[in-house]
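Participant: One structure, as C-alpha coordinates, below. Some questions next.
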Amino acid sequence: MNKNIISLGFVSFFTDMASSMVTTILPLYVVYILNDGVDKLGMIIAVATFVSYFFRIIFGIISDRYKIVKPLVVFGYLISAVTKPLLAFAGTWKSVALLRGLERIGKAVRTAPKDRLISFYAGIKSGRSFGFHKMLDIAGEMSGAIIIFFVLKYMGENAEVFKKIFLSTIIPGIFAVLIVVFFVKDVPSQKKEKQKFDLSRDKNLLPLLFIYFVFLFFMYSNEYFIIKAKEAGFSMAVIPLLVILLNFTQTVTSYYFGVLIDKVGYYKVLNFSFLSGFLAILSLYFNFIIFGFVFLGLFLVSSLNSFRSYISDNAVNKASVYGIFYGGIAISASVGAVVIGEIWHNFGEKYALIYSMGGIILVYLIYLLKVKNDK
(Lines of atoms letter the chains of each structure in order from A and count residues from 1; the text may use other names and numbers.)
(Lines give C-alpha, C1' and ligand atoms only; values in the text may rest on other atoms or scores of the structure.)
Protein backbone atom coordinates (compact mmCIF):
# COMPACT_ATOMS: atom_id res chain seq x y z
CA MET A 1 0.00 0.00 0.00
CA ASN A 2 1.26 3.48 -0.84
CA LYS A 3 3.17 5.10 2.03
CA ASN A 4 1.21 8.35 1.67
CA ILE A 5 -2.03 6.48 2.37
CA ILE A 6 -0.39 4.86 5.40
CA SER A 7 0.81 8.26 6.65
CA LEU A 8 -2.64 9.79 6.14
CA GLY A 9 -4.07 6.87 8.08
CA PHE A 10 -1.90 7.74 11.10
CA VAL A 11 -2.79 11.43 10.74
CA SER A 12 -6.44 10.43 11.07
CA PHE A 13 -5.55 8.06 13.94
CA PHE A 14 -4.23 10.87 16.15
CA THR A 15 -6.84 13.41 15.04
CA ASP A 16 -9.69 11.05 15.76
CA MET A 17 -8.15 10.05 19.07
CA ALA A 18 -8.49 13.71 20.07
CA SER A 19 -11.98 13.95 18.55
CA SER A 20 -13.14 10.87 20.43
CA MET A 21 -11.88 12.33 23.69
CA VAL A 22 -14.31 15.19 23.00
CA THR A 23 -17.31 13.48 21.42
CA THR A 24 -17.47 10.62 23.94
CA ILE A 25 -18.11 13.00 26.83
CA LEU A 26 -19.50 16.15 25.21
CA PRO A 27 -23.17 14.96 25.17
CA LEU A 28 -22.83 14.03 28.85
CA TYR A 29 -21.14 17.35 29.60
CA VAL A 30 -23.94 19.35 27.97
CA VAL A 31 -26.90 17.42 29.38
CA TYR A 32 -25.64 16.38 32.83
CA ILE A 33 -22.85 18.85 33.74
CA LEU A 34 -24.18 22.05 32.16
CA ASN A 35 -27.74 20.76 32.81
CA ASP A 36 -29.07 21.69 29.38
CA GLY A 37 -31.74 19.60 27.67
CA VAL A 38 -31.60 17.13 24.82
CA ASP A 39 -33.06 19.82 22.56
CA LYS A 40 -30.01 22.02 23.24
CA LEU A 41 -27.77 19.06 22.48
CA GLY A 42 -29.63 18.74 19.20
CA MET A 43 -28.76 22.33 18.37
CA ILE A 44 -25.08 21.70 19.10
CA ILE A 45 -25.11 18.57 16.93
CA ALA A 46 -26.80 20.56 14.16
CA VAL A 47 -24.24 23.39 14.25
CA ALA A 48 -21.25 21.04 14.30
CA THR A 49 -22.67 18.79 11.59
CA PHE A 50 -23.73 21.60 9.29
CA VAL A 51 -20.43 23.47 9.50
CA SER A 52 -18.39 20.30 9.15
CA TYR A 53 -20.20 19.00 6.09
CA PHE A 54 -21.63 22.01 4.26
CA PHE A 55 -18.36 23.91 3.94
CA ARG A 56 -16.77 20.85 2.37
CA ILE A 57 -18.60 21.88 -0.81
CA ILE A 58 -16.67 25.15 -0.95
CA PHE A 59 -13.29 23.66 -0.19
CA GLY A 60 -13.88 20.70 -2.49
CA ILE A 61 -14.54 23.08 -5.39
CA ILE A 62 -11.53 25.22 -4.44
CA SER A 63 -9.35 22.12 -4.45
CA ASP A 64 -10.58 21.10 -7.90
CA ARG A 65 -10.47 24.54 -9.51
CA TYR A 66 -7.14 25.74 -8.17
CA LYS A 67 -5.37 22.39 -7.72
CA ILE A 68 -4.75 23.03 -4.01
CA VAL A 69 -4.58 19.80 -2.07
CA LYS A 70 -1.99 19.32 0.70
CA PRO A 71 -2.03 22.96 1.95
CA LEU A 72 -5.77 22.67 2.64
CA VAL A 73 -5.23 19.35 4.40
CA VAL A 74 -2.52 20.83 6.66
CA PHE A 75 -4.56 23.94 7.44
CA GLY A 76 -7.63 21.90 8.27
CA TYR A 77 -5.83 19.64 10.72
CA LEU A 78 -4.18 22.65 12.37
CA ILE A 79 -7.53 24.39 12.99
CA SER A 80 -8.96 21.27 14.65
CA ALA A 81 -5.86 20.74 16.80
CA VAL A 82 -5.88 24.21 18.35
CA THR A 83 -9.66 24.64 18.86
CA LYS A 84 -10.60 21.39 20.65
CA PRO A 85 -8.85 22.36 23.92
CA LEU A 86 -10.83 25.61 24.08
CA LEU A 87 -13.93 23.60 25.06
CA ALA A 88 -12.45 23.55 28.56
CA PHE A 89 -13.47 27.21 28.82
CA ALA A 90 -17.05 26.75 27.52
CA GLY A 91 -19.64 27.29 30.26
CA THR A 92 -22.89 27.37 28.26
CA TRP A 93 -24.42 25.31 25.48
CA LYS A 94 -24.09 28.31 23.16
CA SER A 95 -20.35 28.58 23.71
CA VAL A 96 -20.04 24.83 23.20
CA ALA A 97 -21.93 25.15 19.92
CA LEU A 98 -19.68 28.02 18.80
CA LEU A 99 -16.46 26.16 19.57
CA ARG A 100 -17.71 22.95 18.00
CA GLY A 101 -18.56 24.93 14.89
CA LEU A 102 -15.07 26.47 14.77
CA GLU A 103 -13.42 23.09 15.28
CA ARG A 104 -15.55 21.52 12.56
CA ILE A 105 -14.41 24.19 10.10
CA GLY A 106 -11.06 22.42 10.21
CA LYS A 107 -12.80 19.19 9.26
CA ALA A 108 -14.55 20.99 6.40
CA VAL A 109 -11.32 22.46 5.04
CA ARG A 110 -9.38 19.19 4.91
CA THR A 111 -11.81 16.40 4.10
CA ALA A 112 -12.47 16.70 0.36
CA PRO A 113 -8.81 17.44 -0.49
CA LYS A 114 -7.72 14.57 1.77
CA ASP A 115 -10.09 12.19 -0.05
CA ARG A 116 -8.58 13.40 -3.30
CA LEU A 117 -5.10 12.56 -1.99
CA ILE A 118 -6.27 9.06 -1.09
CA SER A 119 -7.96 8.63 -4.47
CA PHE A 120 -4.80 9.72 -6.29
CA TYR A 121 -2.46 7.35 -4.45
CA ALA A 122 -4.95 4.48 -4.25
CA GLY A 123 -5.10 3.71 -7.97
CA ILE A 124 -7.75 1.19 -8.93
CA LYS A 125 -8.01 -0.37 -5.46
CA SER A 126 -9.93 2.51 -3.91
CA GLY A 127 -12.13 0.30 -1.74
CA ARG A 128 -9.15 -1.24 0.02
CA SER A 129 -7.39 2.11 0.46
CA PHE A 130 -10.45 3.86 1.89
CA GLY A 131 -11.10 0.80 4.06
CA PHE A 132 -7.54 0.91 5.43
CA HIS A 133 -7.78 4.64 6.08
CA LYS A 134 -11.11 4.25 7.84
CA MET A 135 -9.67 1.39 9.92
CA LEU A 136 -6.96 3.65 11.38
CA ASP A 137 -9.47 6.48 11.64
CA ILE A 138 -11.71 4.36 13.85
CA ALA A 139 -8.77 2.84 15.75
CA GLY A 140 -7.92 6.39 16.81
CA GLU A 141 -11.48 6.95 17.96
CA MET A 142 -11.35 3.73 19.95
CA SER A 143 -8.06 4.75 21.59
CA GLY A 144 -9.58 8.06 22.64
CA ALA A 145 -12.58 6.30 24.17
CA ILE A 146 -10.27 3.94 26.09
CA ILE A 147 -8.44 6.94 27.54
CA ILE A 148 -11.76 8.49 28.60
CA PHE A 149 -12.88 5.26 30.27
CA PHE A 150 -9.81 5.12 32.53
CA VAL A 151 -9.88 8.85 33.27
CA LEU A 152 -13.54 8.84 34.33
CA LYS A 153 -13.13 5.60 36.26
CA TYR A 154 -10.13 6.71 38.32
CA MET A 155 -10.42 10.53 38.36
CA GLY A 156 -14.19 10.94 38.68
CA GLU A 157 -17.03 12.39 36.62
CA ASN A 158 -17.01 16.05 37.69
CA ALA A 159 -16.70 19.20 35.62
CA GLU A 160 -12.99 19.72 36.36
CA VAL A 161 -12.11 16.27 35.02
CA PHE A 162 -14.07 16.96 31.85
CA LYS A 163 -12.21 20.24 31.34
CA LYS A 164 -8.81 18.58 31.80
CA ILE A 165 -9.77 16.03 29.16
CA PHE A 166 -10.63 18.80 26.71
CA LEU A 167 -7.29 20.52 27.34
CA SER A 168 -5.28 17.32 26.83
CA THR A 169 -6.57 16.88 23.26
CA ILE A 170 -3.86 19.30 22.08
CA ILE A 171 -1.26 16.49 22.34
CA PRO A 172 -2.60 14.03 19.72
CA GLY A 173 -3.76 17.00 17.63
CA ILE A 174 -0.22 18.33 17.26
CA PHE A 175 1.12 14.84 16.46
CA ALA A 176 -1.33 14.67 13.55
CA VAL A 177 -0.26 18.05 12.17
CA LEU A 178 3.43 17.11 12.29
CA ILE A 179 2.83 13.85 10.40
CA VAL A 180 0.86 15.46 7.60
CA VAL A 181 3.46 18.24 7.24
CA PHE A 182 6.54 16.03 7.09
CA PHE A 183 5.39 12.59 5.86
CA VAL A 184 2.57 13.17 3.36
CA LYS A 185 3.40 14.22 -0.20
CA ASP A 186 1.18 16.50 -2.22
CA VAL A 187 -0.23 15.27 -5.52
CA PRO A 188 2.15 15.97 -8.44
CA SER A 189 2.09 19.60 -9.49
CA GLN A 190 -0.54 20.46 -12.04
CA LYS A 191 -1.25 23.54 -14.09
CA LYS A 192 -3.12 25.89 -11.78
CA GLU A 193 -5.85 27.05 -14.05
CA LYS A 194 -9.49 27.50 -13.24
CA GLN A 195 -11.71 24.67 -14.37
CA LYS A 196 -15.36 25.13 -15.15
CA PHE A 197 -17.46 23.34 -12.58
CA ASP A 198 -19.66 21.14 -14.72
CA LEU A 199 -21.89 19.05 -12.48
CA SER A 200 -23.72 17.62 -15.52
CA ARG A 201 -20.88 15.14 -15.97
CA ASP A 202 -21.60 13.71 -12.52
CA LYS A 203 -25.39 14.11 -12.31
CA ASN A 204 -25.92 10.34 -12.64
CA LEU A 205 -24.40 9.94 -9.17
CA LEU A 206 -26.88 12.24 -7.44
CA PRO A 207 -29.98 10.00 -7.00
CA LEU A 208 -28.14 7.47 -4.85
CA LEU A 209 -26.51 10.24 -2.83
CA PHE A 210 -29.92 11.84 -2.25
CA ILE A 211 -31.34 8.58 -0.87
CA TYR A 212 -28.48 8.49 1.61
CA PHE A 213 -29.10 12.10 2.63
CA VAL A 214 -32.75 11.38 3.44
CA PHE A 215 -31.78 8.23 5.34
CA LEU A 216 -29.45 10.31 7.53
CA PHE A 217 -32.26 12.79 8.17
CA PHE A 218 -34.13 10.08 10.10
CA MET A 219 -31.06 8.39 11.63
CA TYR A 220 -30.00 8.99 15.23
CA SER A 221 -26.59 10.67 15.59
CA ASN A 222 -23.91 9.09 17.79
CA GLU A 223 -24.60 11.66 20.51
CA TYR A 224 -28.20 10.50 20.86
CA PHE A 225 -27.01 6.91 21.25
CA ILE A 226 -24.83 8.08 24.14
CA ILE A 227 -27.68 9.92 25.87
CA LYS A 228 -29.99 6.93 25.33
CA ALA A 229 -27.40 4.70 27.02
CA LYS A 230 -27.27 7.05 30.03
CA GLU A 231 -31.08 7.12 30.20
CA ALA A 232 -31.10 3.31 30.08
CA GLY A 233 -28.96 3.15 33.24
CA PHE A 234 -25.35 3.05 32.04
CA SER A 235 -22.98 5.19 34.15
CA MET A 236 -20.81 7.92 32.63
CA ALA A 237 -17.69 5.84 33.27
CA VAL A 238 -19.15 2.81 31.47
CA ILE A 239 -20.47 4.68 28.43
CA PRO A 240 -16.96 5.00 26.92
CA LEU A 241 -16.92 1.20 26.78
CA LEU A 242 -19.96 1.37 24.51
CA VAL A 243 -18.12 3.88 22.33
CA ILE A 244 -15.15 1.51 22.29
CA LEU A 245 -17.49 -1.27 21.16
CA LEU A 246 -18.84 1.03 18.43
CA ASN A 247 -15.35 1.87 17.23
CA PHE A 248 -14.08 -1.71 17.57
CA THR A 249 -16.92 -2.90 15.34
CA GLN A 250 -15.91 -0.37 12.71
CA THR A 251 -12.18 -1.06 13.05
CA VAL A 252 -12.38 -4.82 12.56
CA THR A 253 -14.81 -4.59 9.64
CA SER A 254 -13.67 -1.47 7.77
CA TYR A 255 -10.98 -3.01 5.58
CA TYR A 256 -13.13 -6.07 4.82
CA PHE A 257 -16.03 -3.88 3.75
CA GLY A 258 -13.57 -2.16 1.42
CA VAL A 259 -12.57 -5.50 -0.08
CA LEU A 260 -16.23 -6.52 -0.31
CA ILE A 261 -17.08 -3.30 -2.15
CA ASP A 262 -14.39 -4.06 -4.74
CA LYS A 263 -15.72 -7.61 -5.15
CA VAL A 264 -19.52 -7.37 -5.09
CA GLY A 265 -20.17 -3.66 -5.66
CA TYR A 266 -21.68 -0.74 -3.79
CA TYR A 267 -25.36 -1.69 -4.01
CA LYS A 268 -25.08 -4.97 -2.12
CA VAL A 269 -22.97 -3.45 0.63
CA LEU A 270 -25.37 -0.49 0.94
CA ASN A 271 -28.28 -2.90 1.27
CA PHE A 272 -26.56 -4.37 4.32
CA SER A 273 -25.72 -0.88 5.56
CA PHE A 274 -29.30 0.41 5.51
CA LEU A 275 -30.55 -2.73 7.25
CA SER A 276 -27.92 -2.24 9.95
CA GLY A 277 -29.08 1.34 10.48
CA PHE A 278 -32.65 0.19 10.99
CA LEU A 279 -31.58 -2.57 13.39
CA ALA A 280 -29.57 -0.04 15.41
CA ILE A 281 -32.66 2.10 16.07
CA LEU A 282 -34.83 -0.97 16.68
CA SER A 283 -32.32 -2.14 19.31
CA LEU A 284 -32.55 1.19 21.10
CA TYR A 285 -36.34 0.96 21.12
CA PHE A 286 -36.19 -2.35 23.01
CA ASN A 287 -33.30 -1.12 25.22
CA PHE A 288 -30.82 -3.54 23.65
CA ILE A 289 -28.21 -0.81 23.95
CA ILE A 290 -25.15 -2.95 23.27
CA PHE A 291 -26.64 -4.34 20.05
CA GLY A 292 -27.62 -0.80 19.09
CA PHE A 293 -24.00 0.36 19.22
CA VAL A 294 -22.81 -2.67 17.23
CA PHE A 295 -25.34 -2.14 14.44
CA LEU A 296 -24.59 1.59 14.44
CA GLY A 297 -20.93 0.78 13.87
CA LEU A 298 -21.75 -1.53 10.98
CA PHE A 299 -24.00 1.10 9.42
CA LEU A 300 -21.46 3.91 9.69
CA VAL A 301 -18.45 2.06 8.35
CA SER A 302 -20.17 0.23 5.50
CA SER A 303 -22.11 3.25 4.24
CA LEU A 304 -19.22 5.71 4.37
CA ASN A 305 -16.76 3.31 2.71
CA SER A 306 -19.33 2.53 0.01
CA PHE A 307 -20.02 6.14 -0.90
CA ARG A 308 -16.41 7.29 -0.75
CA SER A 309 -15.43 4.44 -3.07
CA TYR A 310 -18.49 5.04 -5.28
CA ILE A 311 -17.47 8.66 -5.81
CA SER A 312 -13.80 7.79 -6.24
CA ASP A 313 -14.54 5.27 -8.99
CA ASN A 314 -17.24 7.22 -10.87
CA ALA A 315 -16.95 10.97 -10.37
CA VAL A 316 -15.26 13.27 -12.89
CA ASN A 317 -14.93 16.24 -10.51
CA LYS A 318 -13.89 14.09 -7.56
CA ALA A 319 -13.16 16.70 -4.91
CA SER A 320 -16.25 18.68 -5.94
CA VAL A 321 -18.52 15.64 -5.73
CA TYR A 322 -17.00 14.72 -2.38
CA GLY A 323 -17.86 18.26 -1.32
CA ILE A 324 -21.45 17.86 -2.54
CA PHE A 325 -21.67 14.52 -0.76
CA TYR A 326 -20.58 16.03 2.53
CA GLY A 327 -22.71 19.12 1.94
CA GLY A 328 -25.80 16.96 1.53
CA ILE A 329 -24.96 15.23 4.78
CA ALA A 330 -24.65 18.67 6.39
CA ILE A 331 -28.18 19.69 5.56
CA SER A 332 -29.91 16.36 6.16
CA ALA A 333 -28.11 15.29 9.34
CA SER A 334 -28.15 18.73 10.99
CA VAL A 335 -31.84 19.38 10.37
CA GLY A 336 -32.62 15.79 11.30
CA ALA A 337 -30.74 16.16 14.59
CA VAL A 338 -32.80 19.22 15.53
CA VAL A 339 -36.09 17.47 14.67
CA ILE A 340 -35.21 14.36 16.67
CA GLY A 341 -34.03 16.48 19.61
CA GLU A 342 -37.29 18.45 19.65
CA ILE A 343 -39.42 15.30 19.43
CA TRP A 344 -37.42 13.70 22.25
CA HIS A 345 -37.61 16.82 24.44
CA ASN A 346 -41.32 17.51 23.90
CA PHE A 347 -42.84 14.03 23.48
CA GLY A 348 -40.28 11.58 24.89
CA GLU A 349 -37.62 9.25 23.52
CA LYS A 350 -40.16 6.55 22.58
CA TYR A 351 -41.81 8.76 19.98
CA ALA A 352 -38.46 9.95 18.68
CA LEU A 353 -37.46 6.33 18.06
CA ILE A 354 -40.78 5.53 16.35
CA TYR A 355 -40.35 8.57 14.10
CA SER A 356 -36.81 7.49 13.23
CA MET A 357 -37.75 3.90 12.42
CA GLY A 358 -40.75 4.91 10.30
CA GLY A 359 -38.65 7.26 8.17
CA ILE A 360 -35.85 4.73 7.74
CA ILE A 361 -38.26 2.04 6.53
CA LEU A 362 -39.69 4.41 3.93
CA VAL A 363 -36.25 5.41 2.62
CA TYR A 364 -35.10 1.80 2.48
CA LEU A 365 -38.10 0.87 0.31
CA ILE A 366 -37.22 3.72 -2.06
CA TYR A 367 -33.65 2.44 -2.22
CA LEU A 368 -34.85 -1.06 -3.15
CA LEU A 369 -36.97 0.40 -5.96
CA LYS A 370 -33.96 2.29 -7.31
CA VAL A 371 -31.80 -0.82 -7.27
CA LYS A 372 -34.52 -2.76 -9.09
CA ASN A 373 -34.89 -0.04 -11.75
CA ASP A 374 -31.12 0.19 -12.28
CA LYS A 375 -30.82 -3.51 -13.09
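Count begins at 1; order follows the chain as displayed.
Using N, Cα and C of the backbone, Cβ positions are placed for all residues, glycine too.
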Participant: Any idea which of 233-257, 258-282 is down as transmembrane segment in TrEMBL?
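Facilitator: Based on what TrEMBL states, transmembrane segment spans 233-257.
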Participant: Using a Cβ distance cut-off of under 8 Å, indicate which of 6-34, 165-184, 233-257 has the most pairs with the transmembrane segment (68-90).
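Facilitator: Selected stretch: 165-184, with the most Cβ pairs under 8 Å.
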Participant: Using a cut-off of under 8 Å between C-beta atoms, tell me which stretch among 6-34, 41-62, 165-184, 205-227, 319-340 contacts the transmembrane segment (233-257) the most.
Facilitator: 6-34
Participant: May I ask whether the transmembrane segment (41-62) has at least three C-beta pairs under 8 Å with the transmembrane segment (319-340), counting pairs 6 or more apart in sequence?
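Facilitator: In contact, yes.
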Participant: For the transmembrane segment (165-184), which stretch among 6-34, 41-62, 205-227, 352-369 has the most Cβ pairs under 8 A?
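Facilitator: Out of the listed stretches, 6-34 contacts the transmembrane segment (165-184) most.
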Participant: With CB pairs under 8 Å as the measure, which of the listed stretches 6-34, 41-62, 205-227 comes out on top against the transmembrane segment (352-369)?
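Facilitator: The stretch I would name here is 205-227.
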